[in-house]
Amino acid sequence: MESIGVVAPHTMHFAEPLRLQSGSVLGNYQLVVETYGELNAARSNAVLVCHALNASHHVAGVYADDPRSTGWWDNMVGPGKPLDTNRFFVIGVNNLGSCFGSTGPMSIDPATGTPYGARFPVVTVEDWVHAQARVADAFGIERFAAVMGGSLGGMQALAWSLLYPERVAHCIDIASTPKLSAQNIAFNEVARSAILSDPDFHGGDYYAHGVKPRRGLRVARMIGHITYLSDDDMAEKFGRALRRADGALDAYNFNFDVEFEVESYLRYQGDKFADYFDANTYLLITRALDYFDPAKAFNGNLSAALAHTKAKYLVASFTTDWRFAPARSREIVKALLDNRRSVSYAEIDAPHGHDAFLLDDARYHNLVRAYYERIAEEVGA
């Protein structure tokens, strides 16, 4: 299957203030967007793809100035791919608070003329959805054929079906959860603590000091990355292999430098992440994850929370995902069935843990492809 090829983002400016769930108000904000495919005359073939923690609007394709800049879901979105851009008009939106061009902590605060830094207001999944709805309005899209996402993106897809039930025909929720467990909140807290305790954090105003809390970001990413992989996958990739080429059991250095391949891998992932991601953004997005809990307003009753939804659903989980385990997806399915909603559920046997939603797995992709075939028939795409 061919790639979608060279793509380019564009920036959308919004003058109407956006009131956030916290009560703060953002005015004159911008969102970076990428689109793929063509919007049909009826504007009925639009699909919104929502991104996870460290991703962005760049869902598919490559940038002309960097042939290595492949979109984060390029194996899923493109001509002839499960989400076929020959049939659907796909939108990727970089969320508020991110560090890839949309208004966030790195943006200039018009009140001070300096970056917002830690002054940028806390945002929630619901805030992102309301901002995305304004993007849809700008395109003249009254109803999405589907809203789709994995992990945190799946939470946004679910929130869309709750907040805008008339505007979502299908919700595709992959490797997600209706709320974070105490363990997941704990992982996020440890990661945030690594950043907050970095001497280069400077209370979030490190931009003015010309530094970056790299050490904290590195540790935060290492913690997170462990939770994205399964134990079996890590055993297969690394086992107890030493970094030394001969792998000799007597090749220990007897110090605290890197000894094992898995240590080297985690440090590499941490360094790479610290190069391109922003610490304040990491704090914001992990807190948005913590706060997401649509059942909270219904005394913890998810069935009651989903009672007014109107979309049809595809919910998928992966057997070795322990970050957002299949049981969490089954909670969503049960709540939908309690309300007699149309829902398809698949629990995919895959060894790759939470990150499986990003990988090219034939069973997984065939499932998504078949579901989009159904949507295409409905909208005449």
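Glycine residues also receive a Cβ, built from the backbone N, Cα and C atoms like all the rest.
According to Swiss-Prot, the domain 'AB hydrolase-1' annotation covers 45-360, on the basis of sequence analysis. Sequence annotations record features per position, and here Swiss-Prot assigns active site, nucleophile to S151 based on sequence analysis. Marked as substrate binding site by Swiss-Prot on the basis of sequence analysis: R221, D355. The active site annotation in Swiss-Prot covers D321, H354 and is backed by sequence analysis. According to Swiss-Prot, the site 'Important for acyl-CoA specificity' annotation covers R323, on the basis of sequence analysis.
Here the recorded positions are D321, D355, and the one with the most other Cβ atoms within 10 Å of its Cβ is D321. Note: the Cα of R323 (site 'Important for acyl-CoA specificity') and the Cα of H354 (active site) are spaced 6 Å from each other. For the recorded site, H354 (active site), the DSSP three-state label reads helix. The CA atom of D321 (active site) is located 11 Å away from the CA atom of S151 (active site, nucleophile).
Counting only residues at least six positions away in the same chain, the Cβ atoms of S151, A175, T227, Y228, L229, F318, D321, W322, R323, F324 sit under 8 Å from the Cβ of H354 (active site). In sequence order, A191, Q269, G270, F273, A274, F277 are the residues near R221 (substrate binding site), counting only same-chain partners six or more apart with C-beta under 8 A.
R221 (substrate binding site) carries a helical DSSP state (H, G or I).
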